[in-house]
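For reference, TrEMBL has these:
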TRANSMEM  12-32  transmembrane segment
DOMAIN    70-291  domain 'ABC transmembrane type-1'
TRANSMEM  72-94  transmembrane segment
TRANSMEM  106-129  transmembrane segment
TRANSMEM  172-191  transmembrane segment
TRANSMEM  211-239  transmembrane segment
TRANSMEM  275-295  transmembrane segment
Amino acid sequence: MVTENWLPKHGLGRVVLLAAFAFMAFMIWIPILEMFYWSFFVKEPGIFEFAGLDNYRRLFTNDPIFWKSLSVTFNFALMVVPGVVGLGLLLAVAVNTIRNTMVRGFFTVSFFTAYVVPLVAVALVWRYIYLPGKQGLLNVVLGWFGISPIRWLSTSEWALRSLALLRIWKEAGYAMVLFLAGLQAIPHVYYEAAEVDGANAWRRFWHITVPLLMPTIAFVVVITTLSAFLAFTEVYVMTVESGGNRGGPNYATNLMAFHIFNTAIAYSHEGYGSAMAAIYFLIMVAVGYAQYRFIRATYEY
């Protein structure tokens with residue numbers, strides 16, 4: 001009886017919000033607090049002692065690999081984010097011009113499928129596409145145009161770019177769906193008025209489409225940046241070297257999430273790995289906030 005009276009009075013929405021709050025507390029906030037807590041300890045097999053700020057001191061003064069990984073991650077994000085936004089917007093504009101509903105739906109689903117496929121499966125397929133010499137599909141295609149085979153995953157010049165290309169291909173379909181929804185929400189009367197005023201297609205795109213899509217672009221930029229900062233699977237699956245080492249060559253693909261995993265899990269330095277994760281978490285928060293402030297100032301109209 002109490003339950004029957006309580007739900008209509010207080011609303012099912014509060015119950016759902018409470019469940020969401022509990023989920024976030026146990027899956028996000030509590031692990032973050034634990035991460036900061038363990039960062040002040042030396043936690044290794046057979047060793048557990050309070051370290052104070054020693055982990056952070058070591059991180060800032062005596063760990064060049066951490067800063068190398070951070071640089072690699074930023075370079076990776078700088079390739080992935082513009083690629084996903086640009087390709088996703090291009091696909092959305094192209095699909096939006098299709099008037100036949102069934103054909104438009106077919107292409108939408110086709111491009112979005114890449115995002116739905118598990119990343120492990122995608123990484124395994126692309127690893128074979130990137131095989132060196134004439135074994136890899138990409139080198140075979142390049143050979144048709146007289147281009148010499150490229151060692152995609154075994155040279156510092158191409159390894160990170162190869163992983164970025166995979167990530168762009170996989171996430172562009174999701175960005176396309178978001179942009180397509182934004183495009184279809186723009187009133188067509190704006191384009192008609194601009195056309196009457198003599199604006200060509202290019203000017204209509206830059207002065208109507210892009211400004212009105214900026215909230216969607218902002219969302220895509222933020223979530224794609226977060227996705228790039230947390231990239232792990234492609235490094236683990238695609239960069240296996242002789243001896244089982246990953247993240248090479250010469251740490252060229254040693255992305256931050258993978259480096260933290262290696263430190264805390266593979267090498268069992270849980271305290272030091274927690275300190276890395278804490279600093280990286282603060283960096284991601286700062287980058288996300290800076291993006292939000294910049295894009296918000298840009299699309300206020």
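Including glycine, each Cβ sits where the backbone N, Cα and C put it.
Bear in mind that TrEMBL entries carry predicted annotations, made automatically and left uncurated.
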**Message:** Applying the under-8 angstroms CB criterion, which one of 12-32, 72-94, 106-129, 172-191, 211-239 scores highest with the transmembrane segment (275-295)?
**Reply:** 211-239
**Asked** What parts of the chain pack near the transmembrane segment (211-239), using Cβ distances under 8 Å and only residues at least 6 beyond its ends?
**Response** 73, 76-77, 80-81, 84-85, 88-89, 119-120, 123-124, 126-127, 130, 153, 159, 162-163, 166-167, 171, 175, 178-179, 181-183, 186, 190, 246-248, 253-258, 261, 280, 284, 287-288, 291-292, 295-296, 298-299, 301
**Fill in**
If one takes Cβ-Cβ under 8 Å and requires six or more residues beyond its ends, the residues near the transmembrane segment (12-32) are 281
**For the transmembrane segment (172-191), distant same-chain residues with Cβ under 8 A (at least six beyond the ends)** = 83-85, 87-89, 91-93, 95-96, 108, 111-115, 204, 208-209, 212-213, 215-217, 219-220, 224
